[in-house]
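TrEMBL feature annotations, pasted as is:
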- B:20-40: transmembrane segment (TRANSMEM)
- B:46-66: transmembrane segment (TRANSMEM)
- B:86-105: transmembrane segment (TRANSMEM)
- B:125-143: transmembrane segment (TRANSMEM)
- B:152-172: transmembrane segment (TRANSMEM)
- B:192-213: transmembrane segment (TRANSMEM)
- B:225-249: transmembrane segment (TRANSMEM)
- B:277-302: transmembrane segment (TRANSMEM)
- B:314-332: transmembrane segment (TRANSMEM)
- B:344-366: transmembrane segment (TRANSMEM)
- B:373-395: region 'Disordered' (REGION)
Amino acid sequence: MGPIIACVLFAGAMSILLWHQNKKRQQIKEGVWAIVFLWGAIAVIVAKLLHLPMSPPTDWVAAITAPLYKPIVAWIKGG
Amino acid sequence: MTKGTGAANGTITSGQLSKLLFLFSIGSAALLLPTAVVSIAKQDSWISMLLVIPFHYAFIYIYLLLHKRFPKMTLAQYAEKIAGVWLGKAVTLTFVFFFALLGGLVLNNVTDFLSKSVLPQTPDWFIGGTFMISIAYAVFLGVETIARTGEILFAWTLFIIGLISFTLINQMHADNLLPMLYNGWSGPVKGIYPVLGFPLAECVFLTAILPMIKDEERTKLKRMIGWSVLLSGGVGVIISFLIVSVLGVEEAMRSPFSVYEMAKSINIEEILVRVEILVAMVWIGTVFTKLAITVYSLVVMLSQMLKLRTYRSLVFPMCLLIVPLSLIVYRNSIHAGTFALEVWSVYAVLQGVILPLSLLAVARLFDKKSAEDGRFPEKTPKTPVSAGETADKQG
């Protein structure tokens, strides 16, 4: 549980830092998006730490491109 | 440019771009690709690498044609001009996913290589995390800084490749290259397949960098890119030729890092030995450039899709995302080999060639072009103080 709490605390601290840095430069929209992506990244890290079942993104790519790559690979391996 | 010079990210010369292209093309491919090509084309793998050069230039020519129509815009911006706002954003989103995945894959290659060859007891996440800190800093400083780093690395890369090629001459066995074209041209032609995606179609990063070329340098662009393609193609041919002639087909197919294995066999009269670490150093340098450019393209396209005034706010979150992504992209090394050899080429060609080609076709069909400057503003504009607020302050 320790690493997860550390991740959340880190994300919280970084969010405050990002918000203040961007607010100082009058970049509110930039700051909001940065915090959104930061929490997205932290969610992936926490999911990895908790060993939640996550299919690799390469599997999605393989599933989408299967009708194209399978015939080509069959031709290459076919001799 | 220093880090305090506003939201823009500098300009580069055609020469710097061609060096970046060379380092990107050599990038992770120099160490990993030969094994894939040799497994298909066997002893004719160097012919495959030779055949691939025209494809490389043809792919880049598509980006140059798009650049001619929209000289100061990235793909994220002209996609919206060509396909309309929402469809353009959808196209950009696919590129954002592509670059994020590419970043994860490249970082996975680095951590895999370092943990297997140099730092076996260090956890992968630590290697990836520390590598990403340097990448984040480089991307934060902008394309100009990456290009200058590329200039230093370019000279070193050529020197080390030249040195290794020269010192391997006494280890070459011409018998390993025979029989040439035993199965006709089908072997070398099939050997092109993995190279088309890795690294040829990945060069779509150019669409994010081309607008950063200085105006006076644009005339030299085609020539410099041509030289870069020839040089990276030539290095690919030399590396493939050396691997097969030094290690032989069987050994080259077995080793996941065949160039590194090949460098281990360098022995000049027991004086010059164990120089493989030079290969590792150069490889880390070229991979650094590749990853920095990939992350730069990712954050630039994402921030332009979201209509942000600077890409810098997104650098840290996206780098933080790529580290866990690099740990989950592959289940194991067999999955990595299968994906890289079979799937990636089709996906990369669809994303890096077919999609830009479709955009070009539509742009030509409807004669869409724009000289509008889409680059980030030089300084972040200050919000003007309203008259009422000024009066309050005076009061």
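Even glycines carry a Cβ here, placed using N, Cα and C.
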Is the transmembrane segment (B:20-40) packed against any residues at least 6 beyond its ends, judged by a Cβ distance under 8 Å, and which are they?
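Sequence-distant neighbours of the transmembrane segment (B:20-40): 12, 48-49, 56, 60, 106, 109-110, 113, 146-147, 150, 153-154, 157, 187, 190-191, 193-195, 198-200, 202-203, 205-206, 209, 225, 228-229, 231-232, 235-236, 239-240, 243-244, 249, 252-253, 255-260, 279, 283, 285-287, 289-290, 293, 340-341.
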Counting CB pairs under 8 Å, which listed stretch among B:152-172, B:225-249, B:277-302, B:344-366 touches the transmembrane segment (B:314-332) the most?
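Per the Cβ under 8 Å count, B:277-302.
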As a test: from B:152-172, B:192-213, B:225-249, B:277-302, pick the stretch that has the greatest number of Cβ pairs under 8 Å with the transmembrane segment (B:344-366).
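Going through each listed stretch, the top one turns out to be B:192-213.
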What residues in the same chain, six or more past the boundaries of the transmembrane segment (B:125-143), come closer than 8 Å to it by Cβ-Cβ distance?
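Here the qualifying positions are 1, 3, 8-10, 12, 107-108, 110-111, 114-115, 119, 149, 209, 212, 288, 291-292, 295-296, 299, 312, 315-316, 319-320, 322-324, 326-327.
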For the transmembrane segment (B:192-213), which stretch among B:46-66, B:152-172, B:225-249, B:277-302 has the most Cβ pairs under 8 A?
B:46-66
Under an 8 Å Cβ to Cβ limit, what residues of the same chain, 6 or more beyond the ends of the transmembrane segment (B:277-302), are close to it?
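Long-range Cβ neighbours of the transmembrane segment (B:277-302): 9, 20, 23-24, 26-28, 30-31, 74-76, 92, 95-96, 99-100, 102-103, 106-107, 109-110, 113, 117-118, 131, 134-136, 138-139, 143, 146, 149-150, 153, 156-157, 160-161, 163-164, 199, 202, 205, 207-209, 259-260, 263, 311-312, 314-315, 318-319, 322.
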Could you pull out which residues elsewhere in the chain have a CB under 8 Å from any CB of the transmembrane segment (B:152-172), counting only those six or more residues past its ends?
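Contacts of the transmembrane segment (B:152-172) (Cβ under 8 Å, skipping residues fewer than 6 from its ends): 19, 22-23, 26, 235, 238-239, 242, 245-246, 262-263, 265-268, 272, 275, 278-279, 281-282, 285-286, 288-289.
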